[in-house]
Structure formats: C-alpha cells, structure tokens
Amino acid sequence: MIERTIETATKRYPLLLGDGAARVLPSLLRSLSCPPGTKLFIVTDDTVAPLYLDEVRALLAAAEYDVYAYVIPSGEAAKSFDHYYACQTAALQCGLDRRSVIIALGGGVVGDLAGFVAATYMRGIRYIQMPTTLLAHDSAVGGKVAINHPLGKNMIGAFHQPEAVVYDTSFLRTLPERELRSGFAEVIKHALIRDRRFYDWLRAEIKTLADLRGEKLAYCIEKGIDIKASVVREDEKETGVRAHLNFGHTLGHALESELGYGALTHGEAVAVGMLFAVFVSERFYGRSFAEHRLADWFAGYGFPVSLPTTVQTPRLLEKMKGDKKAYAGTVRMVLLCEIGDVEVVELEDDNLLTWLDEFARQGGKG
C-alpha cells in the first residue's frame, strides 16, 4: 500500500492508496482519537451503495462504531441545496455531534456534498474521503467542497480539509468505462499543467482505456495525487498556482451548466475545455501545438473533441464570465505555455467569442 502525507498551510493528513486500503479504517479512526462508540455517518450514492456500503458498514460495526448511512442519487444533480439540506437533516436525526465523523464513500459528487455537509454541520466536523472513482483522485485531495447553483458549478462551498483519504483501488474494478474515461481526463490535465515526463509516459503507455489497469492505473493515480498534493502544498486557498488545476474547467464548467448536469460527464466537459484552452493558447501566444495532435489523442479514448451543436457561444461566454477565477466580469483562463507549464491570463470578451465561434466550427483540430 502506498502512503502519502498531504500537507497544506493549515493541516497535514494521511493518504492511503492500494488494493484493500479500506481495511485500515478502524485503526485509522483510533489514531484520530475516535474510540469505539463514536458515531460515523457514511454518505454514498445509489450506485456505490449496493456494491460497497454493506462491506464498509460491517467493517466499522465490527470495530464497535455506531454506524449510520445516507444514500443520495448518483450524478451531478445531487450536488444541490435540496440534497445538502436533506443530508444535514439526516445527520441531525442520527444525533451526530462534534466528535462524529462523516465518511464520503463515492466519487467526486459524494465527496463534494459530504465534505460541504461536514464543513457546515455544527460549524464544522471531521470527515474522511473514500474515493471509489478515478475522477475522485483529484477532488478527494485538497479540501475543496461545494454544491452547485443553477447559475454555476461549485458556487456554494468551503475549504475544509479531510482527516484522511483512504483510496481502496479494488473499488475501481466495477467502474463503468465512461466513468473511467471521465477520471482519466483529470489525469491528462495533471500531466499537461505540471509534468512533461508524465505526459510523455501517458502518450507511450496508455494507448486505449483498456491500458488503465493494474500497475499502470495505480501509477496514474499516484502521479495525479502527487501533482495535486504539490500544488495544494504551495497554495491551499487558490490565491495563486492552485488556479492552474482549473485548466480546461472554465469552458468545462460552462458546458456542464449550460447543457444540464449529467449531459456530459465532468471529464468529458473538461476534455473539451482543455482542447479549447489549447486552441486559445495557440492564438494568444502565437505558437502551435499541432505536432502533439491533442484532439486525435483525446478522440482515441472516446472523448468529445468539439462543442455540442446545440450550444450557443454567447451563452457559453456568459457562463464563463461567472467562473470563480473571473475578476469584475473579465474571464481569466488557464492557458498552456508549453506541455507541463501553464499560466492564468485575462481575456477580452470579443476575442473569446471569436475563438468560441471558430472552435465551434473547427473543433479541437483548429
């Protein structure tokens, strides 16, 4: 099992990664001063619950913890105020107190919602991230928790670091191909923004999604977490370089919001967003990334590589202006200087709209 210590300006906590990592939960809880009898509140979704909830609950009950569970619908639409409020209500009805621990058993949606519940329940209680998807290798580390608003994604949230991340990779065996693809988008993102050697390894070793198995999958997760952790160590509250992790997310979040959450997976939207960011980078910096054939590379995994024909670019621009990186209505995007190096740049509306229209016509191959 791989062990890491995640360090931020306000907290240090362990990350445990490997097949069977869930088995360490009882000893981990004891190390966190959670004696038997402590109330534990597992938040999961209706996809994960039939697969792993009973297993995790039995493990904790055998260690004499007082275990409760709350199941939300799967999918991005669950990151709503209604589901957040219902989860808070369930926690109150179960009698959770300030010594209780919430366990987020699921993907990014579960982690975001459960983490935000933990951040705000009784002004903040402890929680543990237990990712069950590849996508959550990114969201489980760093303490950003949130719910969505109809006007934008992750607009209501907090920075609330977990007590630990327990990443049992055996849970990934039941992951559908589309969800595996979605998570791989964030792996690609980490390579593009921070690590040219990892990018080259991905191009050479992960030819298809079928290659995301065994040691190669574990290496992708380990590298992605290490890159995310290094950024969070430098900038916990996203006042500087942590914004680089939003590469592809300015347009990606706009697409998710405009199309309705669930029409595209998060990774599919981010993939289109990354290709658009490269498209803009070429025009902003006057250089070409054509030799990398990024759109062809993405398409080889089954990612969409162009805007859906149903979207209107002026509406996308308005959504992008609501992005959390924007200042005074000015869009700020993470652009690619070269493979492994990015920066945040302010862009004028007229230029962005022109580039959105051009990208809509040409796709990522422009």
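Just so you know, glycine gets a Cβ as well, placed from its N, Cα and C.
Per Swiss-Prot, the features are:
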BINDING   74-79, 108-112, 132-133, LYS144, LYS153, 171-174  NAD(+) binding site
BINDING   GLU186, HIS249, HIS266  Zn(2+) binding site
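Feature map: annotations from Swiss-Prot on the structure.
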| residue | record | Cβ within 10 Å |
| --- | --- | --- |
| SER74 | NAD(+) binding site | 18 |
| ALA77 | NAD(+) binding site | 15 |
| GLY108 | NAD(+) binding site | 23 |
| GLY111 | NAD(+) binding site | 28 |
| THR133 | NAD(+) binding site | 26 |
| PHE171 | NAD(+) binding site | 24 |
| THR174 | NAD(+) binding site | 13 |
| GLU186 | Zn(2+) binding site | 26 |
| HIS249 | Zn(2+) binding site | 26 |
| HIS266 | Zn(2+) binding site | 27 |
DSSP three-state assignment (helix, strand or coil) for THR133 (NAD(+) binding site): coil
Non-site residues, in chain order, whose CB comes within 8 A of the mean position of the CB atoms of GLU186, HIS249, HIS266 at Zn(2+): LEU135, ASP138, ALA185, LYS189, GLY248, GLY252, GLY267, ALA269, VAL270, GLY273
GLY108 (NAD(+) binding site) to HIS266 (Zn(2+) binding site) - Cα separation in whole Å: 10
Structural state of SER74 (NAD(+) binding site), classified by DSSP into three states: coil
HIS266 (Zn(2+) binding site) versus ALA77 (NAD(+) binding site) - Cα distance in angstrom: 12
SER74 (NAD(+) binding site) to HIS249 (Zn(2+) binding site) - Cα separation in whole Å: 21
Euclidean distance between Cα atoms of HIS266 (Zn(2+) binding site) and GLY111 (NAD(+) binding site), Å: 14
Among THR133, PHE171, THR174, which are recorded as binding-site residues, the nearest neighbour of HIS249 (Zn(2+) binding site) by Cα: THR133
